[in-house]
Amino acid sequence: MPVSDHQPAKPEVLYPDYPRLSRVYEQLNDDEDARVCKDIPEDACRHQPRNFFAYLVANTFSKVADELSSARLILPWLLGAAGASSGFAGFLVPIREAGVLIPQLMVAAFIRRLARRKVVWLLGAFLSMLALAAMALAAGTLQGSEVGWAVVGALVVYSLARGLCSVAAKDVLGKTVSKTRRGALMGYSASVAGVATLLVGLYAEFGTGAEPVNLTLFLGGAAALWLLSLLAFSQIQEAPGATEGGGNAASVALRSLGIVLTDRDFRRFVLARGLLLSIALVPPFFVLLAQEHAGSSAAGLGLMIIASGLAASLSSPVWGRLSDRSSRWTMALAAFGGATLCAVTAMLAWLELTLLASPWVHALLFFGISICHGGARLARKVYLVDMATAQTRAQYVAVSNTLIGLALLALGSVGLLTTWIGVAGVIAMLGGISLIAALYGLNLKEISG
């Protein structure tokens, strides 16, 4: 019987420069057009598996590092446990967010003058690593107001460094990974980072026994993760890009800011987003309240880390669907939920109920406020994208981020009010602003659906 010379054809490797990475890449992007390069040149397409995984690893590590140094949870817990004044806690979120938002107009204009933008991200990652290492050193050696000033100073550097990474990352991603692959990449990154964060929470809850959590290790670990992120991102193969449109960064920024005076709908959105800052600012005060009533045990911190992670993973799909139906109603709903939760929390504190001695109660309250914050954040992003056109979207985002960053800095002093009205009083005040945000949000122009 004749032996057939026909052999089964081996599956084609779509990216011969990276045969092993190519197979894994094809499995993760399982469709009929795995070698898709919709909006990147062929030279970039050739390196797509390498760039996909380099960006995935770098982005995942940086997300976990952000959670280990969270200005809403980890840093206020650290300052409270170290005996720093509660006034410092009020500046944490504003500094963390404002340093990223305010320079965006000028940084974006400057970056457009560079043929390769990867170096800007690497600089931001290096500065982030140094800032977190400085925080870890301060946490391990200082107490009271000294650690407060040291952490706030390092946070300024960290925030500005994250701003460099934020602007450069989107540019590099757009040049190196194809359009229909970016969502999957970000989704994988968020999922892995979410699991890692939950594991950190479980460790703090069950792995430390009766000992307090050593937050120096958290911050040192975050610094190490930024080093790993830097090494991963450096492996991205970025081809030179266009450099036109950079102009003078300062003049470009000033011209763009004029849109808030000429566009009524955009101006109303910026005001609504400003009022919604109340929900972004309040989580650190929930942390301080937990320490006041339930102590600084590892169990309390671990439960709150778990609550924060679960809130994001469980509520985001629901908020997303609601925002597609009506983003203005979703903003109002999240703001009203935040106002209600703040009122309930403040009332429990004023009545000095014994149930506040339980870390589980504070974890539940933090879970609720994290859900509301996530809803407000997602809904206002959807509203802005739906309101803008392809021609105005980038300008809307940069201008609104800059103005909100300035507003955050102005509101940072809210923590100083704890001296006169206490932590519960500040929570109640921010809840009142959230109620105003809910009512104002209902008066925005309906643009969804």
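Each Cβ is built from the backbone N, Cα and C atoms, and glycine gets one as well.
Here's what TrEMBL has on this protein:
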- 74-95: transmembrane segment (TRANSMEM)
- 119-141: transmembrane segment (TRANSMEM)
- 147-165: transmembrane segment (TRANSMEM)
- 185-203: transmembrane segment (TRANSMEM)
- 215-233: transmembrane segment (TRANSMEM)
- 270-291: transmembrane segment (TRANSMEM)
- 297-319: transmembrane segment (TRANSMEM)
- 331-351: transmembrane segment (TRANSMEM)
- 357-376: transmembrane segment (TRANSMEM)
- 396-414: transmembrane segment (TRANSMEM)
- 420-442: transmembrane segment (TRANSMEM)
May I ask for the residues of the chain that lie six or more residues beyond the transmembrane segment (331-351) and have a Cβ under 8 Å from a Cβ within it?
272, 275-276, 278-279, 282, 286, 289, 293, 319, 322, 365, 368-369, 371-376, 379-380, 383, 422-425, 427-428, 430-432, 434-435, 437-439, 441-442, 444
Would you kindly list the residues that approach the transmembrane segment (119-141) from elsewhere in its chain, counting only those six or more residues past its ends and only Cβ-Cβ distances under 8 Å?
58, 62, 65, 69, 75, 78, 82, 111, 147, 150-151, 153-155, 157-158, 160-165, 167-169, 172, 215-217, 219-220, 222-223, 226-227, 229-230, 233-234
Counting only residues 6+ away from its ends, which parts of the chain sit with a Cβ under 8 Å from the transmembrane segment (420-442)?
86, 90, 271-272, 275-276, 278-279, 281-282, 285-286, 288-289, 292, 328-329, 331-333, 335-336, 338-343, 345-346, 349-350, 376, 414
Looking only at residues six or more beyond either end of the transmembrane segment (147-165), which have a C-beta under 8 A from one in the stretch?
62, 66, 69, 71, 75, 78-79, 82, 84-85, 88, 91-92, 95-104, 107, 120-121, 123-128, 130-132, 134-135, 138-139
Using a Cβ cut-off of under 8 Å, list the residues of the same chain at least 6 residues beyond the transmembrane segment (357-376) that approach it.
73, 276, 279-280, 282-283, 286-287, 289-290, 293-294, 297, 299-300, 303-304, 306-308, 310-312, 314-316, 319, 322, 330-331, 333-335, 337-338, 341-342, 344-345, 437
Short question: which residues 6 or more past the ends of the transmembrane segment (185-203) have a Cβ under 8 Å from it?
28, 52, 55-56, 59-60, 63-64, 67-68, 173, 177, 218, 302-306, 308-310, 312-313
Beyond the flanks of the transmembrane segment (270-291) by 6 or more, those residues with Cβ under 8 Å of it:
71-73, 75-77, 80-81, 86, 89-90, 92-94, 97, 260, 300, 304, 331, 334-335, 338, 342, 345, 349, 356, 359, 362, 365-366, 369-370, 372-373, 376-377, 380, 399-400, 403-404, 407-408, 411, 414-415, 418, 423-424, 426-427, 430-431, 433-434, 436-437, 440-441, 444
Would you mind listing the long-range same-chain contacts of the transmembrane segment (297-319), meaning Cβ under 8 Å and 6+ residues beyond its ends?
67, 70, 72-73, 77, 194, 197-198, 200-206, 208-213, 287, 290-291, 330, 334, 359-360, 362-364, 366-368, 370-371, 374-375, 378-379
